[in-house]
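Straight from TrEMBL, the features:
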{"type": "TRANSMEM", "residues": "33-51", "note": "transmembrane segment"}
{"type": "DISULFID", "residues": "C376-C440", "note": "disulfide bond"}
{"type": "BINDING", "residues": "T620", "note": "Ca(2+) binding site"}
Amino acid sequence: MVPSYNERLRMHYQRFSPSNTWTLLARQPTYRLALYCVILLSVTWTLLRFFSASDSKPSLPWPSFDPPPPEWPAHYSPVEDVPTPVWESRAQQVKYAFRHAYGGYREFAAPHDELLPKSNTSTDNMNGWGLTAFDSLDTMLIMGLDEEYEHGLSVVRQANFSVSRSSDGCAPFFETVIRYLGGLLSAYALSPNDTILLERAIDLTDKLDPVFNTTSGLAYFSVNPSTGTRRGSQRGVLAEIASFQLEYAYLAKLTSRKAHFDRANTVMEIFSQANLTRTGGMLPIAWDLLSGSPSDSHLSVGAQADSAHEYLLKFYLLTAKTDRKSLEMYIRATTQIITNLLYLSPTRHLLYVTDSTSTTYERRGRPTRVFEHLSCFLPGLLALGAHSLPLDNLESLGIDLTQLGSEETYGHAGKAYELLRSYNLKDLHMWAAEGLAQTCWLTYADQPTGLGPDEIIMKPAPNSRTVGNGYMVETNDYLWIDAVEKWKNSGSRGDVPGLKEKMPVSFTEKQRLKGEVNGRDYYVKKPMYLLRPETVESLYLLWKTTGDWRWRARGWAIFEAIEKEAKTSRGYANLQFVERTPGSLQNSMPSYFLAETLKYLYLMFKEENLIPLDQWVFNTEAHPLPIFTWTEEEREKFGL
């Protein structure tokens, strides 16, 4: 009997039902072979897609995609924007914090240098002239704190610059200039009727002047203001010998004294004429004070070099963009920073800056992978430069990047000048600024306290390799510029390397002690938080130059953490450890907390633009100085 159509249809579907699949494959070699072919083709296609390169550049030594973000740590809440009245309220809270800190200093420490906030006593650790008062004058003026300002002026009037109460009787030149002299000049610029400020600034520089008595004109480490005796080795540190040009140039403008201008101009002339062949045109850390020449190849934007690089750009801006030497040195420095000192971490692909300890003439420098809190000023500097300079049109300034450096002049490092010609430098500098600022922020957000450690060491990539593309050598580290090159050559798809939004990775104290710290890109080397300003400085500058509220909101999260973790009954204190909460406190409240950290936070939250970036330049201690132009008479007198 022939089956009906419906019966044949039922038998057909039953034959190919899932319950009969394996029986069918076992009995029908044709079906089995077809299945094998499908599997083989799928595997082949997947492997080809995974290993095929989109260009001739080598692949990253780890996956080029970002790992999935972890969940929010328990201590952390996402940042959010708020209405204008809330930001104004937050600015007021920062003002209250300043009054609390200065009130403790005034009650227990003035006219000494700093408050010891746990014991409510004082210390004279910086000349004994009343450091906190000098350093805080302009913050008081900006915040409109008249009573505190009058008290600060009384400390200024009675300070005896002829005697230093430091243990060796000497005044350290670098710190004295950026804190004392910078504080006086900034306060005078904001309150020019208080002529005592200018008078005291002149008195102070007269006492410091013997520090320049070297054959090169570069400054020694310190000077005894009573005797004029200099102290320090003949090997100068970059940050200490090249972080006074702003203050001395502005003082020359105020006084018309050529001697002040000459001090600032001498160091700029020495640097512009120095042989920097071994460092790609960037200023190294160590300098011979007698010959005025570099004495090592160590490149850094950290503790021993930071403000010197900062002052290259800021000297150009302060003098109304007229000092071409400082601009050219800034572009050389940032070219080497971007191509030789910026790296990506292997886990979250965090962009970070580190030192290079070997010459860059023969090959790429050797990185240390140490990332300092002090280096977190750099994203703000890069953002300020991108905001203030026509980096996308250097020709308008008569500057050709390849004329500033080449392989013939600087060897391996000289390739960077040709490489960067293919980029819009304004974009490149802003990418670096935003990626670095996010990393600085994450070192805070990662911690249970919400405050960042003083130093971390980034982990290396999993595998060491050698790639002959001109930038990679045998190393476990991956240069950011290599990743950007690969991204650009593959069509600029997706986020710029290092800029993708990252989530914090936090651990409990129990996990930390057990070593259960997977997912973190770094080891904490120095776990203390010293009330430092560099991260909030960069957040402030990113907010001002981009208008992106996220930078501002991150600043608020940091202020909340300071209030929660660092506040004492009469001030604020450094934290010994950021990796557990509540953190144990040190008996120290540095003057820069009032001069810098609270000032940047206040300016960040204020709706009114109190210190416009096109009218003022901050020195490295956050003391704003007004941009000025030299008159024809001054140009003739100073030989400009």
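We count from 1, first residue shown onward.
Just so you know, glycine gets a Cβ as well, placed from its N, Cα and C.
Every protein chain considered, the tally of other Cβ atoms within 10 Å of the Cβ of C376 (disulfide bond) stands at 29. For the recorded positions C440, T620, the largest tally of other C-beta atoms within 10 A is found at C440. Cα of the residue listed as 'Ca(2+) binding site' to Cα of C440 (disulfide bond): a distance of 18 Å.
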